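> One structure, as structure tokens, below. Some questions next.
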Amino acid sequence: MTPAVRCDGVVQIYKTKEIEVVALRDIDLVIEEGESVAFLGPSGAGKSTLLWLLAGLLRPSAGRLWLGDTEIGKLGPRALDRLRAADIGVVLQNPARNLIPYATAVQNVTFAQRAVRRRARRPAGDLLDRVGLTPVRDKPAGRLSGGEQQRLAVAVALANRPRLLLADEPTSQLDAATGQAVIELIRDLGETSVVVTHDARVSEATGRTVTIRDGRIGAEGRGGEDFVVVGREGAVQLPPEYHELLPPGSMARVEPLPDGVVLRRAEP
Amino acid sequence: MILRGLWRRRWLSLIVLVVAILPVVAGSLGPMYTDAARTTLLRETLDHALLDHRGWRVTSVTDTAGRLVEGVKAPFLLPPIKGAELLSPNERSTKTYPLMWIDGQCEHVTLIEGRCPTAAGEIMATGASGLKVGGTVKLNLVRDPDSGKPRLMPLRVVGVYKTDQTDPIWYGRSLFPQTAGVTEGNGDPLLTVEDTELSSAVPAGVTMAGVPATAWASTAIVYIDPQKITGDDLALLESVQGELRGLGQSGLSTTVFSYMDDTLKAVHLRLDSLSVPTTLVTLQLVALGWLLLFLTVRDLVAARAPEIALARLRGLSTLRIWAFGLSEPALLLLAALPLGLAASFAVVERMSERLLRNDLEVAVDGFTVLCGVAAVFGGLLATALAARQTVTQPVVEQWRRTPRSHRRAWVVDGVVLAITAVGLAELVAGDAITDTTGQRASALIAPGLLAVALAMIARRILPLACRALFQLTRTHGNIGAFLAMRQISRGSATASTVVVLSAGLGLAVFAVAAWSVTSRNYQEVARVHNGAETVFVVPRTDAATLRKISASVPGTAPVIVTPGPPATLATDPVAFASVALWRPSYGNDQPLSRLVAKLSPPTAAPRVMFSGDRIRAHISTPPLPKGWNAVLYADFRVFGETRPASIPMARLLAGTTVYEWGLPRGCLTAPCELRGLRMEVMGDSGTDFEDRPSGGALLTKLEMRGDGRWSTVDAGLDDPNRWTSTSSTSDGGLPLSFDPNFSATRPDTFPDPMPGLSSGTAAGQKLPGLDDIYFSGYKSVATTWALPGLNAPGVVVDLEMADRVAYGYSSRTEFQIWAAPGRGEEVRDALRGDGVPILATRTLDDLVSAYTSQGPGLALLLLIISAGVAALLALGRAVLALHAAARRRTYEMAALEAAGARVRPLRTALLLEQTITLSWGALTGILAGLVAAWAALPRVPEFAETPVTPPLDYSLVPVPVIAVACAVLALSMIAAAVTSELLLRGVRVDQLREAPA
């Protein structure tokens, strides 16, 4: 079965007037259909960049990225637009950014459906009902509470029946209860979903976590257990909690074991 | 949703709407104003035209003129004034009367006695005719039809009338010689009724082009109603002129008399000088409107950037994103179209009422709407350009606020600067490049080009300068200066502010400079061309009568102008110097009285006048060689003629003989003047030239016969000072030489050459004289830059001398009475009181108004009003841009405040930033306007026809320019202070809890 997402050595470089910044390097990642993945990591690690790549908003500077059978890097701008319109739903950080504040809840949903064929559209009323916003359907989005806005943002992201739902810090500005409601909403959707978050509740709610540090995938968590990820060139990012034992810049010995290797600090 | 969005950004939307209205107003104002101005020009031309220049008089002796003109229809034509007339001597052939009837004649005359004629055979006559009520007149061509014999019909006088000769029913004709008292041969019109024509018989057998004709000429006068004609009717007017002219050319029996061609020529000249300048002014204003719109819409689109990014995120196609991005500004532009058209309509209506004419009907026609739509489309393009970056910028770049490289901006700057440089070079050194001289309406493009070019440079310089100062303020000075320099050097709002302010104010300063310089030139040219504050045109008469009229009204000068070239102005020098408008700078700082004092010669011989029917000459002649004859001719100046009348006075015989000959016919009714004697010596065939007679005859006495009695004429024949030099002198009479080199002599009544005060290039030419036929030499007593009353290089001469030189008065001469400053009303009343008809009154103010209402003047009027509004909008837009840019930094300022920065340095920072930017933009605009004025003003047309004299002055008038500059700077300062204070009050530390905008 074709995975929902496959990254193969993806590199992303931002070019500005004077400098180039490598935001992601050698990202290898596979997300299966129906899987929920949380991207974790410190600010500036590259989580959002990876999310934008998955959303088809960027094309990788190097490497290959597939969404289903479609390779993102080979698509032109128009095809990328169509891809976003048909297959991807995005929830941006800060709920207000997902919405047109002066448009009503219904208008926001229908606005998101403009690029979708009619038969692919979910009825706006059903969507709002699903996220519990029927009572405020005709209220301008700017006048909704933070939680309502976030739920509306999810509804808007789902308006085109996406195969992949991407959410960037969906709970960052919400109180605990509202945040929990949003987490449950995303989890219960049953779609393939990728969530960028700092929120432990979100990561716990997803089946898999991917930790990104310095533009690389440093670790993955599955079933409550965290694993480091061995990179393309054999590089491994030690989790920060082990930096005390093996501080960055120190030397270590690699000792082979039958099922892997062990690192021991080498005294100079 | 669009309306909700507009409401959410209501203030910004409102500003965009106001700014969007500007190009629509500018685009539609031009055509609407041009229409109104065209109509004004046409109506003004017609209003000031003489009667025969704004109508047609059709006469026919074979057809009814009224019926002929009925076929010519146009909405602006007044109903024809029908009539008929017959010119016939009276029974005794002592006078020739026009007998006529005209539709509505009774309403156009004032009855002094009796009543208007109502039945056949009844007439009314003028008081000057001497005919009395109850008396009868018989005319040779009006016969009684009931009588089998050729008996004349008695015409009974039932009324005595007087009339205003300038009344349209007279069509400007000189029909009243008796009232004017200038002739004895012609009578004033006898007014009758149509029945007289119908019931009278006229001599039969006359045919015209094979058609039986009558002595009555049917007439129809068709006038244009200036209140009904519009600028759009010009083509129709030309067609009407063609049709009516065709009537006149269709046969000998119909004549069409009109100077409409001249009127049309004048109209075209004035209209041609209107369209190009107004188009250029309009285009510049539209361009400025688009620039303003571009910058303002950019703000609106920037405010919608997150929504546009959302649309892209949701995968909307490029077309839909464009539609979404432009939906709000497009709706505003759509709303701006009717609003702009309505505003244009209101402005043009007000301008027409106040500045043009109050009888104009301003209309929004199809072309105007089209121009408005074009302005909207241009605005849409500007909007699209403004939105381009936001719509096409990748969403991620937008979110990350990635700075973009603006390398291409230099290309735009370079292109604009190159175009400006070429344009300026072309303008300043036009002769070298295009080999053209004089004025060009295209020069009006200079202010716009220069303003934009200088703005391009200025917007680059300011951030660079502030960047340098920024380094300095980091280490020296207070935080206020540091923050201000840093902000300006970032250039976020600087560039657009400087560009907008420079363009708007550059245009405004140029407009003010152009208007003030042009107004001064209008005033100066009008002073020279009109000559006096008020000039009354009176009917053509003779110099003596004109002098008499002037002498009876204090504060006046008699003037006769012959157009030339060179133009000749004959006047009484002393009176002229006291009433003419003169500037000593025109004549080497000399007063006019000193210059004209040299025009009158100290002495001149008296004229030799004859009055009667015969002349007799006493001549002693030596024997002539065989086969040789000598004939003495006498040349007379006869009243009413412009050429001399010559008579062969004597075929000379040896010995003392008295010769007698008939005087020219004109000498019978009015005195005529002996202007010269010529001896023609001829030999029979076969005579030897060597035998040609030598020496000469001696004229000893001249006599004339008047009323059957002979009297001696005082010709001063034995006074050598009274005749021009001859070959010999004699005490006993006037020697008449046979020598062809000395065979002519004339009474020495005027100096030759005549002294004249000349202007410009007139010096050295011959004068056409009052008769406009016989050129005479003149000697310039002084040369001036300009002469009052002359609109071309010409000469001012003594009226008496000019009259003595001439043989008559050309139909091109104009007789004028000039009034001294402030005495126009009194002089007019006095002239009317003396019964002197005033054909036209020309005042200095009227002439200035006429110049103002010419094409260039109207275009400048449009420029100054529109540029003023545009400059205010530009200033408003600049302040808003600065305000918006500074408001985005209130978060940063709140942080500074929270960090302990005092309010004062923050206020200083804001104030400095706003003041520097606004002042820089304002100064650039002022500089651009001044440079444009310096470069373009000498080339910008100010008159429909550039006056030859006086020389135009293009130096700037400092007061209005300085006033505008100060007002602009003061407004900038106030705006800076107010916006700074408003912004500062909006800075709250609480803001830090919110996300930055």
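Placed from the backbone N, Cα and C atoms, the Cβ positions cover glycine too.
Bear in mind that TrEMBL entries carry predicted annotations, made automatically and left uncurated.
From a predicted model like this one, the values you see are computed outputs, not experimental measurements.
TrEMBL lists B:280-301, B:321-347, B:367-387, B:408-429, B:441-462, B:495-517, B:858-880, B:916-937, B:957-984 with the feature transmembrane segment. Among the features that TrEMBL reports, region 'Disordered' is placed at B:710-735. If you look up TrEMBL, you'll see B:722-731 marked as compositional bias 'Polar residues'. Feature annotation from TrEMBL assigns domain 'ABC3 transporter permease C-terminal' to B:865-980.
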> Using DSSP, how many residues of the domain 'ABC3 transporter permease C-terminal' (B:865-980) fall into helix, strand and coil, respectively?
89 helix, 0 strand, 27 coil
> Who are the long-range neighbours of the transmembrane segment (B:495-517) in its own chain, taking Cβ under 8 Å and residues 6 or more past its ends?
284-285, 288, 291-292, 295, 298, 446-448, 450-452, 454-456, 458-459, 462-463, 860-861, 863-864, 867-868, 870-875, 877-878, 881-882, 917-918, 920-922, 924-926, 928-930, 932-933, 936-937, 940, 953-957, 959-961, 964-965, 968
> State the non-local partners of the transmembrane segment (B:367-387) in its own chain: residues 6+ outside its ends, Cβ under 8 Å from one of its Cβ atoms.
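Beyond its ends, the transmembrane segment (B:367-387) has Cβ neighbours at 20, 23-24, 26-28, 30-32, 35, 286, 289-291, 293-295, 297-298, 301, 322, 325-326, 329-330, 333-334, 336-337, 340-341, 344.
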> What residues in the same chain, six or more past the boundaries of the transmembrane segment (B:957-984), come closer than 8 Å to it by Cβ-Cβ distance?
505, 508-509, 512-513, 515-517, 520, 871, 875, 879, 882-883, 886-887, 890, 893, 903, 906-907, 910-911, 914-915, 918-919, 921-923, 925-926, 929-930, 933
> Take a look at B:280-301, B:441-462, B:858-880 and tell me which one has the most Cβ pairs under 8 Å to the transmembrane segment (B:916-937).
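Ranked by Cβ pairs under 8 Å, first place goes to B:441-462.
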